[in-house]
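These features come from TrEMBL:
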REGION    1-39  region 'Disordered'
REPEAT    110-143  repeat 'WD'
DOMAIN    156-445  domain 'Mediator complex subunit Med16 N-terminal'
DOMAIN    772-867  domain 'Mediator complex subunit 16 C-terminal'
Amino acid sequence: RFSLPGRSERLFPPGGVPGPAAPRDWASGARGWTSGPRGRASGAMDLAYVCEWEKRPKSNHCPSIPLVCAWSCRNLIAFTTDLRNEEEKDLTHMVHIIDTEHPWDVYSVNSGHTEVITCLEWDQSGSRLLSADADGHIKCWSMTDHLANSWENTVGSMVEGDPVVALSWLHNGVKLALHVEKSGASNFGEKFSRVKFSPSLTLFGGKPMEGWIAVTISGLVTVSLLKPNGQVLTSTESLCRLRCRVALADVAFTGGGNIVVATSDGSSTSPVQFYKVCVSVVNEKCKIDTEILPSLFMRCTTDPARKDKYPAITHLKFLARDMSEQVLLCASNQNSSIVECWSLRKEGLPVNNIFQQISPVVGDKQPMILKWRILSATNDLDRVSAVALPKLPISLTNTDLKVANDTKFFPGLGLALAFHDGSVHIVHRLSLQMMAVFYGSSSQRPVDEQAIKRQRTAGPLVHFKAMQLSWTSLALAGIDSHGKLSMLRISPSMGHVLDMNMSLRHLLFLLEYCMVTGYDWWDILLHVQPNMVQNLVEKLHEEYMRQNAALQQVLSTRIVAMKASLCKLSSSTIARVCDYHAKLFLIAISCTLKSLLRPHFLNTPDKSPGDRLTEICSKITDIDIDKVMINLKTEEFVLEMTTLQSLQQLIQWVGDFVLYLLASLPNQGSPVRPGHSFLRDGASLGMFRELMVVIRIWGLLKPSCLPVYTATSDTQDSMSLLFRLLTKLWLCCREENHITEPDDTLIDECCLLPSQLLIPNIDWLPINDGIISKLQNKQLVRLQFGKAPGLVGHTVSSQFDAFVRAPGQPKIDHLRRLHLGAYPTEECKSCTRCGCVTMLKSPNKVTAVKQWEQRWIKNCLCGGLWRRMPLSYP
């Protein structure tokens, strides 16, 4: 049952020199590292911002013990503190949730837990959070009205009086592996492959069943399943017949749909036990089956030089939730720690010669056993206070030392170790070799012996008690012993000197991964400098255009949103942010208005009215809008009068934007002017042309739904004039590879537009109040929870403000195109990514408008999350 490895079974050499504890190397910042001079890791990690609680004479916020935090794929961070009540002298266990772009806008909720919170866990979508406490209570939190700063407890489960030591959502069967060695491939299918992975439990038809699994301190495993009707099925079972105390535990999943639980009683002289857990539903009841797997003893307990040196196992973690074959162990004493990485291998069982003669073993018939082998181990380190593991599912074709060294510059291969002296080290997750280091304010090298004495008597050092890596491993959030949140950048090059192309390739590879998975990419933007923006946008577009048409259609809006967030970071591309957001709005309007069209006969053939509209408008290049209308079946465009009138605000935006674009054509030489990129975008101009035709037909049914223009002549047909000029401009650039310059006649006609029609002001973007653009100068930003900062922005911000409404001016609902007044009285919500503002509650009752609003109930146009805005927002 127990696997007792010998020294010859090591697959990777240790991170340091073998033998007894190595002396402390001040150049590397810790004992046992052999990373060379300190300069090798310089610049690998730095503080982006810190956010702390308001300082009071008697601090009410104190870190809970144990302090826990979790980071979701939507870049939401949840962490815990205890709120001390000075009068009643009791503690309230709080859960805090922040968006990394607006860390000061913290949502703090009284968790209702009666004991200290021991676990926090996000689900795979990043929209629900589990919390568990030392009394066995588990609660599931979800967004209220899909707002990132408003949460409520919906369901839960409990194992009365039994503290929870490990918690995880059941696996949904989705795993997309990254192939680092193929980052230069042109096809996304080669870079990111769908791994065959079975869900932990499936419903009828193979749909994964939602739920969670928890391990308690008494050796129980409890599983709660969320049924489609909202009910919760809960079952509890012992991990093994002989129940024993579980001080540490972790949960991982196998590709076959099973669950693996690792447990330890906290003593390094006891084995680390592993169990296979199978979950099923029988007769509407949850059933749990457990099976014992091979266990292991830590190497340090079998080493005569360290046999009794590390009495306690302080950290037990699988390297990834879907990697049950590799586990990380940390044993500690009061002053130091040692870290070991183990791997479960399938090995052939040697057969005695006597049995070989009786029944020879040939080929695959050799009996196999599972055995734990040590991959790597460190020498003596300072005491480890927290561990953060990478979340990127990187696929290594061969887990040997050569692969570990060849890919050592890629950030997703490193795990983070925090030490009691305040430092943080990034080490390779397989070889445990140092990749980067960060020295906190209390971990700097003393300059003399007196400084050493002063440091020893200065009291306890500030260190991270909980850490989490972002989903791309380019940022690290740490909560220290004062409850302060620190956000660290982790360099894509891990502090090594790489050429610009290599750094850009790392960032581009991770941006593509976020584009394919739908994860938020805020942590990647932390590393984008203004001189990188143009190259990244161009390369991203090139890679996108290499994909097949079906994949391009799926990713069409996501890449536009990604380009917009990149262009915010450079003064030379800031105007293009307006264009990208306008393009997102145009795509959304086009899809919505076309979806309202219905075929006149139900048995009409293959193409929908919207597809036929696109086909006819692309074939017929006539500049007369009425001649184009003749070729359409106008009966397919008939809608109710109330529906047409309710769409007027969206129709007005289309008309205003077309007029603005045509009036700006004579100034097309200025790329800093918003709308510039539309003048050579044949696809977008084609969409506007199609919408103009639809609006023209609807205007015949209800003239009041037409866009309103202020013309100098009462007899002028503004729609016909704009369609004629728009068609001429579209003909110049409808073929992407043969774009021609507009002729002088068209430019002259566009020059006359301001004398014929009043050119409207376009409301481009809301005020940009996020922090990402303030972090480009690499200066530490200090923030305070609950208090919006008055930050002095980057030079980009001042140019950006030229395209937004200044504070005190009338506000606008960016999705409904409704004017809200200078001081809105209605509750509003804004996008955490682009800042788009819209009313929280719908003022409309018409079905068509509700359909439009339902598209943005969960996410903004750009895919960002919503957050509630105060009534007095600027």
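Backbone N, Cα and C define each Cβ position, glycine as well.
Keep in mind that what you see is a predicted model, and the values were worked out from it rather than measured.
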Sequence-distant residues near the repeat 'WD' (110-143) by C-beta distance (under 8 Å, 6 or more away from its ends) are 64-66, 68-74, 76, 78-80, 82-83, 92-95, 97, 150-169, 172, 174, 210, 212, 214, 216, 224, 519-520
Over the domain 'Mediator complex subunit Med16 N-terminal' (156-445), what is the model's average pLDDT? 87
Helix, strand, coil: count each for the residues of the domain 'Mediator complex subunit 16 C-terminal' (772-867), based on DSSP. 20 helix, 24 strand, 52 coil
Grouping DSSP H, G, I as helix and E, B as strand, the residues of the repeat 'WD' (110-143) number 0 helix, 20 strand, 14 coil
